[in-house]
Structures are given as C-alpha cells and as structure tokens.
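*Asks:* Once you've had a glance at the structure underneath, I'll fire off some questions.
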C-alpha cells in the first residue's frame, strides 16, 4: 500500500515576510492521517485555520493567498505548498505568526531542507491521489492552462516575456514529476520581478521585504543579481514551481498531464477549480500494490539533495 506521509517531528524557522518586510516565525508540525494540509494564523486570538482548498484562494494578484469568510488572510503559500507536493506530504500543521509565509530565498529549496530535517514518516493509511479522467482547459485572453489524462504527472510550461534577458530558448520547460526531479530541477528556482514594477509596488506599501536576496530582479535590459541565475531557464522553472504549489491546493498529488502558456496563480487556481467542479473529470485513487503506482510517485520517502 502507498501510505500517507507526515513529519516525524516539529520544526521551526524564522524569515522575512515578502510584503510586510517584518520577521515571521514558521512552525511545521506532524498531523494525524487524513488531516490534510492546514495553515494556521497563530498571531490571532482565537487562532484561525485555513485548510488547503482551491476555493479558499481569493487573491492571486502577487501571490497565492488564502482568505476566509471573515476576510482574514494568509499570503505567499505557494512555495511551501510546492515543497509539500514535491515530497508528497499529505498531513501537516503549518503555523505562522503573521499574515504571510516567510519568503526565504524566493524558492522552495529552504522548505525542502526544513521538511527533510524534520524527517518524513509514513502513516498507516492509504495515500489518495487525484487522477485526471477528462480533458479540461481554461483560458484568459491568450493565456491558458489545461489538464488531460496521463499515467504520471507531466508538466509543460511556457512563458513569454518581451525582454532581452529572456531569450526564446529559455521560455519553455517540460518535466516528468518525481520527488527527485522536483528537488533537483525545480525547487531552487527563485521568484522574479521587474525593477519598475517593484519600485511601484513598494511605493504602495507592498513587497517591502523584496530584495536581491530573495528574488531575481530585472531592469529593462539585464538581470541585476550579481551571482546571476541558478539555471539559464530559472524563470520558467519558477513558474512551474508556482503551478505545482497552486495545484497542490487540492491537498492531493495529481496524476495527469498539465500544460500551460503564460499561466499564473489565478489561472492555475481556475483550472484546479474547473477540474474539481466536474465530477466526470477526475477521481480519487489509492494503490495497494506499488507496481501499479505511476513511476514518479514510487520514489522513496527520503530524497537525496
């Protein structure tokens, strides 16, 4: 039986909030089988819970933000969510003492190290997957994202920025998902932004924690980070990272073929909602026999970094 996963022990880290620029403490705790992924705002009294749910994503302007019926929010969840998807963690309590998850270095890599440091433990309950059964597509102008059936998790993402530092040879990335592939090919890709946009946003009191330490920054001609890129196609890899995190808002690893063109948090969420709203388009599956599991999900719990 392919089993559910949680952490072996709790672990804590501090970082900076991307939007507030303030110190944020993040605590990750083990959870019982079938708990799912649950975010908590511990700075509020009483504590407010945000179970991972695509319908709770109500702001996708600059990040993926969960907002409850009372308007309480928790922002920038997508990179941590991507790390959970990458390692196949089903059940976890995520506590944060601020309205946002710390940005760390702008990638999912620090969260991977944190989760592996806590240790991953299999639980005595069958792991559920969402299997795509029918073709589903959403569009927004020339942007689009789609799912179709596939026995694995395959991703194909294309960006299109008219910028001299983003050549046509670094605008597409394709990958067959596995824990190892995510850790080595995707998790280290950092978020990015354009200097003119960042200056405007900071004048509006946003992205106050943004810097060259936690983002790739481009002016009109070049990349401003002294150390350059971690991959020549780091930007499109980060967009794939975002998509993996956004799609894991379902709370389950997905078996299907995902393809997107110029998609962002909003369209990723729209696709996930469209899939889940059509009961003919998907089903829950579990696997008693490891031989039946799609190759990308057979990986051992421990991942070598």
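Backbone N, Cα and C atoms are what each Cβ position is placed from, and that goes for glycine too.
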*Asks:* In Swiss-Prot, 238, 242 are given as binding Zn(2+), so which of 79, 163 is in that site too?
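*Replies:* Swiss-Prot names 79 for this Zn(2+) site.
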*Asks:* Using the Cβ centroid of 79, 238, 242 as the reference point for the Zn(2+) site, which residues of the same chain not in that list have Cβ within 8 Å?
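*Replies:* In sequence order, the nearby non-listed residues are 78, 82, 106, 107, 108, 189, 190, 191, 239, 240, 241, 245.
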*Asks:* Between residue 79 (Zn(2+) binding site) and residue 265 (active site, proton donor), how many Å separate their Cα atoms?
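*Replies:* Computed Cα spacing between residue 79 (Zn(2+) binding site) and residue 265 (active site, proton donor) is 12 Å.
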*Asks:* Which residue, of the recorded positions 79, 238, 265, has its CB surrounded by the fewest other CB atoms within 10 A?
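*Replies:* Relative to the other recorded positions in 79, 238, 265, 265 has the fewest Cβ atoms within 10 Å.
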*Asks:* Measuring Cα to Cα, how far is residue 242 (Zn(2+) binding site) from residue 265 (active site, proton donor) in Å?
*Replies:* 7
